[in-house]
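Notes for the one structure printed next.
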Amino acid sequence: MDDAGAPAQQTGLSRTRARSAQVSRLLRAAVPIGASQTAEQFRTPLTSTLGERRWTTGAVLDDPQLAQDIDRVGGAALREQFSPAKRPARHLLQRRFIVRRESNQHAAATSWGHFAALTLGATGVVFGDIGTSPLYCFAGIYTTELHAEPQPADILGTFSMIFWALTLVVCGKYVGCVMRVSHHGEGGTFALLQTILSGPPLGARARQRVTLLAMLGCSLLLGDGAITPAMSVLGALEGLPVGSERVRSALAVCVLLALFSLQKHGTKLIGRIAGPLMVAWFVTIGALGAYNCASHPRVALSVLGALDPRSLVAFWTQGQYRGLDAWRSLGGVVLCVTGAEALYADMGHFGASPIRATWFLLVYPSLVLQYAGQATVLTLNPGAVQNPFYASVPPRLLWPVLCLATCAAVIASQALISGVFALLAQGHALQFVPRILVRHTNPEQRGQVYISEANLLLSCVCVALVLAFRSTGRLGSAYGVAVTGDALVTTALFAVVVRRVWRWHIAATAALIAPMACVDLLFWSANVVKVLDAGWVPALVALVACFVMHTFHWGREQELKASARFAAAQLESLGGEVPATAEGVRGLVASVSSIPSLLIALRAHPPILRTPALAVFLTPYEWRPPPSLGCLAVTLGCLPETIVLLTVRFEASVPFVKPAERCTFDPLDAAAGLYRVVLHFGYGEALSGAQLLPRALAKAAAEHALDFPALEPLIELGGGGGARARAGSARALGGANAGAHDAGAHNAHARQAEDTEDAEDDEDEAEEARVDALLASDVETPPSTPTANVTFILSRSTYANVGGHSQFTRLRIRLYQLLVINARKPTRFFGLPPNRTVEVSTVRFL
């Protein structure tokens, strides 16, 4: 369809494809096909009129010179403009509705039964950590931090701190404010980062600082995720009558291995198992708290009177533990809100509404009742502070509650594990971590993901911590360091969202953020002193994770800078005629690093030898040919007759891409046998299991086989042999029908935008069904064009220092190379056929 006839409202991806096709047409028009071409004919200025330069993967260019270099070699088509301030409000609302309808907004409930199922799953997965805090919160305050027996007035002040911590941190900050910020239903620090980067443009340094801050927040949650499962399982098993720490540690290792082995089945199955158990747990602890308050009504009235904030002030200013001791007690009070950050990180698994409903209707009342019951018992018997939870349980219910508490404590670690998976999936979409396989375990809820690499690494760290510390007494002093640091980072990022994205006045922003920041700073300062004891464990895990993520992001940026600047310099150096010998042409092909340079080499005379085959070269950037292409030209002295440059883009803005927007096809030069295909996938689409990439490439070939018969061998990748023989006539008929339908849809859009969206959806479904039927044809393949002629060519890079770097930079280059080498193999990651895939090793200098 011509640009003039396109619908007035397109999605961001459609506008990007339209601009890409326009720039490509300008490039082809500026380079006429001839026997001998000079580089001067390829120097058509491709100036970008876009505001902020942003990759479709979500990464933002921080170097203006790098952007100019990429523009000069044909990379301007990669940009997309995202300026909400310049768009009408109606368009923003319609675009948000369209995206939610297409992607199902991850975990959006479609019925009351579905909502109930999500609520049950959230109860079992999200609230396990914060729900088991009554097991050790009071004991952590007086046994671990203050090392003293409290007085009744101290108990009331402590209960007041616990109540207001739950109210301000969980109800006010996370559930009330932070969970209003989501990126297509996802939560966590990377969702905050995406929201900030999608807002008004930031300066280069500001973007770098915000990105580093988000990496630090994710790393701190990883550190908390490493220690929480070990702590929860050890705490659960300490209630069993087992005297030997060695036996208890062995049992804890077995339980952890069983827990991590269940992760591959997804949070849906885990939620079905853990949901009823956690509902029973919350009902039980709420009933126990109400029972203790009803058994001692006078004491209970004084405890409920501690809900007055003046009791909290009295504890800090007049109580036995006033001043510095009150500040130290915050190291134990923070245990009551441990798991609040995981509540936000797990938002993509179940949705914000089910989490809010579960918190306010079940979890929050049960926790308040349980803490009130414990405070009532401790007021009457302060000596029970060593184990206040079981001291508040009637003797006849001790064993049933012990069994239920053991199961709940084991489930408690699930919130952090699921949160780690969600954050790493977002980090992979932002190219902060190496290539990993993000698998969606539930097709109905697109936010439920599983990452085998993270599951294996996390299980090894947890097992090592159990074997090293062996008890919660030794490991408990490490609790709180990472989670309070992550809460502080979340507050800082949320402040940027409120000020720059929501555009609040600075006074209103300060009024909202200042109380959050004060509470977070108090908790963090009281826990940071634990680093000298065992708090270094999560801190070390967080620092290592942050350094790895930042190094990988830095390495990708350095690699892009080197490639873009070399391509621009090469295009400048081609000032005269191309070489007139075969050796010179092969040398030129070996050194090409941009599409214009490659076109010069392929159109040169004498031409390079071409073999009757079709090769698909995977390249991460549309404007740059892969190094493997030049390496083959020099090593073999020839190139395939048909060359397809394939780029796979994971869109950071949408989890699933519509089939109609899957492919961007660009015949760079059909006479020279050079084509470019860009396949777009959402960040939640795993390519290995369903072989989406070969099928998408086959569909693209089927749609263009009539105009470009050289692409017909690609149709075999879709699994239907006879589809190729009938692709031309079927495509011609389908194109005529599609054109008529597009015209009708365009007129309908002029009348009503919603009818147009429905028509486009019907068109997409019809087109998808037609191409699927074409690819599924059971007619036998003609023997004249064997499938073996299609080969996928991958580049395997080895990185070397160019010299002049510091020792620290050399260390980062070695680490970057280690991360790239140990990433998931591209053959498995992209779902490529192993018998048609070739890897070519090249050396790159950083």
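In case you wondered, yes, glycine gets a Cβ from its N, Cα and C as well.
Those TrEMBL annotations? Automatic predictions, nothing curated.
Database features, via TrEMBL:
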| type | residues | note |
| --- | --- | --- |
| COMPBIAS | 734-747 | compositional bias 'Low complexity' |
| COMPBIAS | 755-767 | compositional bias 'Acidic residues' |
| DOMAIN | 119-565 | domain 'K+ potassium transporter integral membrane' |
| DOMAIN | 613-842 | domain 'K+ potassium transporter C-terminal' |
| REGION | 734-769 | region 'Disordered' |
| TRANSMEM | 155-175 | transmembrane segment |
| TRANSMEM | 212-234 | transmembrane segment |
| TRANSMEM | 269-291 | transmembrane segment |
| TRANSMEM | 357-377 | transmembrane segment |
| TRANSMEM | 397-425 | transmembrane segment |
| TRANSMEM | 449-469 | transmembrane segment |
| TRANSMEM | 475-497 | transmembrane segment |
| TRANSMEM | 504-524 | transmembrane segment |
| TRANSMEM | 536-555 | transmembrane segment |
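Highest Cβ contact count with the transmembrane segment (397-425) among the listed stretches 449-469, 475-497, 536-555 falls to 449-469 (criterion: pairs under 8 Å).
Among 449-469, 475-497, 504-524, 536-555, 536-555 has the largest number of CB pairs under 8 A with the transmembrane segment (212-234). Long-range Cβ contacts of the transmembrane segment (504-524) within its own chain (Cβ-Cβ under 8 Å, at least 6 residues beyond either end) map to 165, 168-169, 172-173, 177, 327, 330, 333-334, 480, 484-485, 487-488, 491, 494-495, 498. For the domain 'K+ potassium transporter C-terminal' (613-842), the predicted model reports an average pLDDT of 72.
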